[in-house]
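A.B. asks: Got a structure here, written out as C-alpha cells. Questions coming.
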Ligand SMILES: [Zn+2]
C-alpha cells in the first residue's frame, strides 16, 4: 500500500450554494476518508475547488444582468465558507479561474496538441451575426418538433423531456439577440476517445472488476460496450480558458477538459505553499489517486479524464473512483431550480454549533449503493436517540463520575480487563470499512463501541458501587475512561468537532489509528481530566416542525404560476360569500379631494341609489377619464369617514405590473345594480 494519498472531491459548480445532497454524496465521505488516511500517518493531499466555467454560469449572468465573474465570485465564497463551517478539511480549496489553473490547463492542452493527440474537425454551428458569437445549444430556442413547445432549448425540450440538437428546432432563434441564427463553419479539437477503448477495457474492465463499486464499474462497462466517439475538447465561447493556439481566438477549452485538470492546478498551488512537489502526488507510482464524485460524473472521471491523462503520458491513473448515488429529501428528488433542498449555509445558521449532527445524519444515510432519503424526523431521531442518548450520554457519565468521585483523576484499573479488547477490535473494523469506502458500516461500528460502553456502565452501575465497593468502582471507571478516550479518537474522521471536545474533556492528544488498534490503555491512571460540557443536546419538535414548514412553503411556492402571487387567504364557506353584496355601478362625477394626493371623491349610480365613494385612485386616473365608467362596487361595506367625507362602499380594483390601478369591470355594458356572483 502506498504512503501517499491524492484525494479529490468533485469540483462544485459555482452558480449556486451546496446542499445536503452534495454533502452526503461527495464531500462528507471524502472528508472522512481524508481525515482517516491522515490518522494512518499517510501523506495526504485533499484537494478541491470551484468549477467556474461553462454555459450555465454565462446564462445565469445574462439573466441577472451581471458578468460571469460576478456570479462565480459570489458563489465561490458561499461554497468555500460552507465547507469550512462543516469541517471539510481540504488542504486546498481553489477555483478554476485562478492563474495557475489557466497555465496548467493550457499547458496540458498544448502537450496533447504537440503530441498529435487531437483531431481537428470543421462543423457547421449556429452563429448570431448581430452578437457576433457562436451559439451554445442552450442559447438557441425554438419550437420542439415533438410536442410543439415554443420555448424548447437547442439541447432539450423541458416540457416533454426529449433530447434535441439545435438543427431539429423549428424556427430557431438566438437568445442573445432574438434573431434567426445562421449556420457557419467552425474548427474545433477533438479527443478521439475511441482510440482509448482498449486501454480503458484493460485498466478498468479487467483490472478493477473486484475492487471498484458495482455502480461505477457497471456504468463504465456499459459506455464501453456502446463504443466511444471522438469528443470536442474546445468550444466557441467567450467564458472559459482560452485555447492556447494561434488562430483559435474566441475559443475556450471544453469545461470538462479544464475542470478535472483543476485537481492538478490546485495541488500545484498547495504544493508551492507547503514546500512539496506536486509530481509526487500525480506522477509517481507511490501515490494513490482517489476521486470522490456523484454518479452523474462517472463518465468524466472514469473515461474522459483518464483518457486525457493517458494521452499526456506522465500521469498515474486513479486507484479508485468511489461514486455515490443520489440523496433525496423527504422522498422527493433534491432540486436547485425548485429550491427543494436543505442548503448547507442555511443549516449552519439554523443549527449553530451542531455541524456534527448533520455530518452524522448524512453519513448514516449516505447513498453508497443506491439512492437514499433524508427526512427531518429521522435527523431528529438520530440526534436525540443516538448522539444524545447513547454516545453523548456515555461520555458525559464517565467524565462526571470521575470528576465527582475521584477529583477528576483517572483511577487505577486492570490494564488486562477483557472489555478493553473491544477498543482494538472496533478500531480495526472501522479501518477495514473505511479502506473499502463503506462509510455507513464504519459509522455503525463506531456507534457500536459507544453502545458497548453505555451497556457496560448500565450493567456495572458505578453510581451504586461507589457506596459499597470503592475498588470495583475504580476499575469500572478506568475501563470507562479508556473507552471514552477511544471514542474521541475514533470519532474524529466522522465528527471532528465532537472529537475535539472529547480531547479537551479528557485532556488527551489525538493518536495514530494504528496505535489505537494495538493499545488498550489510552489514558494512564493518575491523569487529570477536565469538567465535561454536554456534547449534544436534544432537538425539540418545534425546531424540526419549523424546518418541515419551510419545505412546505417551498412546495406551495413551486405550485405558483405567478411567483409574485400572495398565498391564498383562509377558506370561507358559501354563507360567508352570500353576505357580500357586489353590484355593477356607473361613475357619474369625480373630483379631487383637497390636500389628499391619492384620493378622489366619486358620485356613483349603484342602481339602488346614488351615493358617494372615496377611493385612493388619484395617482392612476384623472377625474375626467372616470366619468361614465362602469365599475363594480362592494355595496354593503359599512360606511366610514375619509378626510371628513362619508364613503359608502368600495370599488373593485386590481394592480397592474407597473403599479397602476385598474378597474374590475364587466365584459359588456350592463344595467346598474345587477348583482355579481
Ligand atoms: Zn417537447
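Backbone N, Cα and C define each Cβ position, glycine as well.
According to TrEMBL, the protein carries these features:
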type	residues	note
MOTIF	12-22	motif ''HIGH' region'
BINDING	144, 147, 157, 160	Zn(2+) binding site
MOTIF	333-337	motif ''KMSKS' region'
BINDING	336	ATP binding site
DOMAIN	576-677	domain 'TRNA-binding'
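Can you walk me through where each of these features ends up in the structure?
C.D. replies: Per-residue pLDDT, averaged across the motif ''HIGH' region' (12-22), gives 96.
Listed in sequence order, 144, 146, 147, 149 are the same-chain residues six or more apart from residue 160 (Zn(2+) binding site) with CB atoms under 8 A from its CB. Following the DSSP three-state reduction, the secondary structure of residue 160 (Zn(2+) binding site) is coil.
Packing against the motif ''KMSKS' region' (333-337) from elsewhere in the chain are residues 16, 19-21, 326-327: each is 6 or more residues past its ends and has a CB under 8 Å from a CB in it.
Sequence-distant neighbours of residue 336 (ATP binding site) (same chain, 6+ residues apart, CB-CB distance under 8 A): 16, 19.
Per-class residue totals from DSSP over the domain 'TRNA-binding' (576-677), listed helix then strand then coil: 7 helix, 43 strand, 52 coil.
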A.B. asks: In sequence order, which residues at least six apart in the same chain have a CB under 8 Å from the CB of residue 157 (Zn(2+) binding site)?
C.D. replies: 144, 146, 147, 149, 164
A.B. asks: Based on Cβ atoms within 10 Å, give me the single least packed residue among the binding-site residues 144, 147.
C.D. replies: 147
A.B. asks: Cβ under 6 Å from an atom of ligand 1: which of these binding-site residues qualify? The list is 144, 147, 157, 160, 336.
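C.D. replies: Near the molecule: 144, 147, 157, 160.
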A.B. asks: For the motif ''KMSKS' region' (333-337), how many residues does DSSP put in helix, in strand and in coil?
C.D. replies: 0 helix, 2 strand, 3 coil
A.B. asks: Once 144, 147, 157, 160 are set aside, which residues in the chain still have Cβ within 8 Å of the Cβ centroid of the Zn(2+) site?
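C.D. replies: Going along the sequence, the neighbours appear as 145, 146, 148, 149, 152, 158, 159, 161, 162.
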